[in-house]
């Protein structure tokens, strides 16, 4: 009986298209579309997102993006609104972190929008003054306990 020597089938041998790393043109919203920030992932190709117009919508990740573009909570996405269901939308595009910063700089996203990398980076700067999160015990206090 022959041993399996490979690491997968013919799709792996074809190779993946890794051309997404290079700069792509920034896509702005059109009518029937809206910017949104992902609140949480629900599984089954769905997520809950807060749109810029203030509506919380259940979003469906389109099949072209499924298992190719990974979406996490806090990401900025472009969603297509549905004419017949206002509380549901379809994820069309995920913006990379630098593209989300550009959208915010162009005024497409409101200033109150917290970008994912801004949340992690901003905590270190604010907490520099409050570095006394530990308690010092003197030897006398330890003996009393």
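Placed from the backbone N, Cα and C atoms, the Cβ positions cover glycine too.
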Which range is region 'Disordered' per TrEMBL? Of 1-25, 26-50, it is 1-25
Could you put numbers on the helix, strand and coil content of the domain 'S1-like' (22-96), residue by residue per DSSP? 0 helix, 36 strand, 39 coil
